[in-house]
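Report on the following structure.
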Amino acid sequence: MAGQAPTIQVPTDAELLQAQADLWRHSLYYLTSMGLRCAIKLGIPTAIHNFGGVTSLPDLMAALSLPASKQPFLGRLMRVLVTSGVFAAGGDNSHSEAEAELFRLNPLSRILVDGVVADEHHSQTSFVLAATSPFYTEAALGLADWFRKDIAGPVPSPFEDVHGASLFHESTALLDQELDELVTEGLAAHDNLGIGTIMRECHDLFKGLESLTDCCGGDGTTARAITKAHPHVKCTVLDLPKVIDKAPSDGIVNYVAGDLFHSVPKSQAVMLKLVLHHWSDEDCVKILSQCKDAIPSHEEGGKVIIIDIVVGPSLGPVMFEAQLLMDMLMLVNTRGRQRTENDWRELFMEAGFSDYKIVKKLGARGVFEVYK
């Protein structure tokens with residue numbers, strides 16, 4: 001007798017229609033990402049900024065020098081991006097029918113404006129262009145094949161598996177020079193965004209320190225912000241030679257070319273800001289061990305400052321989803337991951353630290369002090 005086919009619970013009519021709409025959304029989310037990429041490539045956020053933050057569709061068309069025949073299509077793109085929260089619609093105080101085709105910047109699109117000189121503005125366009133690049137999307141398309149492979153030894157990321165190169169490594173430039181530049185610029189912009197908030201909300205974090213090493217500190221933007229707020233702190237930036245070679249020689253920050261897996265300059269505090277989520281647990285323990293060797297005891301004021309994402313649902317479903325999507329980004333493109341507080345605690349203990357505390361939670365990120 002043939003086996004009976006398994007049964008399935010049949011949704012109600014309302015559930016079925018909602019399920020189909022949800023399926024459309026999940027299947028087509030990539031079009032929002034591609035629409036965002038298109039808006040950046042066209043320069044739409046910067047164009048709206050140049051109009052004072054709000055503009056009409058015809059004026060936007062003229063500013064972008066687009067053919068008149070494309071105006072209806074640009075309108076359709078902008079409505080999708082308004083609905084998804086990239087831009088806002090209407091004037092500041094009016095929602096009349098006459099202003100229905102006005103588009104304005106909101107906090108999200110303001111961080112996509114290029115050419116602005118301000119201490120706390122770090123344009124995120126490179127981050128978006130890297131994340132939506134063919135190299136990232138192709139790696140994500142290879143996920144199912146990657147899961148099926150039985151790989152001995154350290155498991156490469158899908159990005160490594162598809163492209164034969166690793167992000168944040170010299171092999172990225174060999175794969176594609178433009179991608180390497182985008183990734184480097186995007187990483188710097190992503191890491192530097194919010195440093196002003198950290199300085200205001202965690203002012204005591206640097207109080208009493210005499211010296212600090214910022215690991216993977218790039219061009220020293222964060223270190224200079226610390227020195228500006230706390231002139232008594234002598235800051236050193238440790239990064240790869242290719243990064244340090246381009247760093248400004250202004251005398252405000254000391255730059256050291258090196259590899260944090262092998263040696264970290266000795267100082268009272270060592271900082272790892274949005275670094276460890278790129279690395280596996282095993283590699284994080286190696287990095288943290290080097291940091292532990294670089295600082296004095298807790299009694300002498302020694303500490304490792306870690307600023308990184310702390311995954312958890314406490315901030316609501318939207319922020320939690322953003323954290324989990326960032327974890328998927330790490331899964332696809334690196335050997336790292338985002339971590340819960342318990343995951344962080346286990347890393348600290350395995351690396352030989354005695355204690356830690358979360359100084360502050362700032363959005364998706366947590367600020368840790370870890371003690372020797």
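Cβ atoms here come from the backbone N, Cα and C positions, even for glycine.
From a predicted model like this one, the values you see are computed outputs, not experimental measurements.
Counting every protein chain shown, 19 other Cβ atoms lie within 10 Å of the Cβ of HIS277 (active site, proton acceptor). Among the features that TrEMBL reports, active site, proton acceptor is placed at HIS277.
The feature domain 'O-methyltransferase dimerisation' is assigned by TrEMBL to 24-113.
The feature domain 'O-methyltransferase C-terminal' is assigned by TrEMBL to 143-354.
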| said: Going by DSSP assignments with H, G and I as helix and E and B as strand, what are the residue counts for the domain 'O-methyltransferase dimerisation' (24-113)? | reply: 57 helix, 8 strand, 25 coil
